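Feature annotation from TrEMBL assigns compositional bias 'Acidic residues' to 113-126. According to TrEMBL, the domain 'Transcription factor zinc-finger' annotation covers 62-101. Sequence annotations record features per position, and here TrEMBL assigns region 'Disordered' to 102-126.
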Amino acid sequence: MDCPHQPQPLVAGEHHGHAYAGCDACGGRFIGKGLLHDALGHARDGALRRERLEALPASAVRCPADGQTMHAAVHEGIEIDVCPQCDGVWLDAGEFEAITQRRKARQRRKDDDEPPEDDDSSDGELIEGVVEFVGEALGAIFDVF
Ligand SMILES: [Zn+2]
Ligand SMILES: [Zn+2]
């Protein structure tokens with residue numbers, strides 16, 4: 001599986017049994033269907049889901065897993081690219097970064113009294129936060145429209 005932006009094989013990672021893949025060249029990440037299954041579990045009405053996904057503007061990014069044109073969803077000002085075929089999600093490095101920064105800011109506001117933690121988040125922890133965000137975004141697309 002190659003990066004959609006350049007001929008660079010994606011490096012597979014794993015978090016709690018869920019697979020994701022990252023590009024060492026551009027820093028983009030692909031989060032596969034397995035990881036998003038739970039987030040999407042309540043919104044699996046196939047026809048409706050597909051209709052809403054395809055109503056989103058087409059993205060310049062093609063799914064690294066199956067080559068489908070992805071659709072661009074914007075949630076809280078951050079764009080995520082979603083594949084209509086496999087539910088995979090592509091995040092450019094800047095989008096990934098924006099989500100993790102936002103999560104950290106949110107966390108800091110929550111524990112105002114706590115001393116700031118060292119920034120030693122593992123890739124897996126970052127992915128967990130990103131998956132949560134993507135789950136919210138997809139929930140908004142499939143349920144709230
Ligand atoms: Zn890349
Ligand atoms: Zn796909």
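Each residue's number is its place along the chain shown, starting with 1.
From the backbone N, Cα and C atoms, a Cβ is placed for every residue, glycine too.
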Same-chain residue ranges lying at least 6 outside the domain 'Transcription factor zinc-finger' (62-101) that approach it to Cβ under 8 Å: 1-5, 10, 21, 26-33, 36-37, 40, 50, 53-54, 56, 121, 126, 129-130, 133-134, 136-138, 140-141
Secondary structure content of the domain 'Transcription factor zinc-finger' (62-101), with strand meaning DSSP E or B: 9 helix, 16 strand, 15 coil
Mean of pLDDT values spanning the domain 'Transcription factor zinc-finger' (62-101): 92
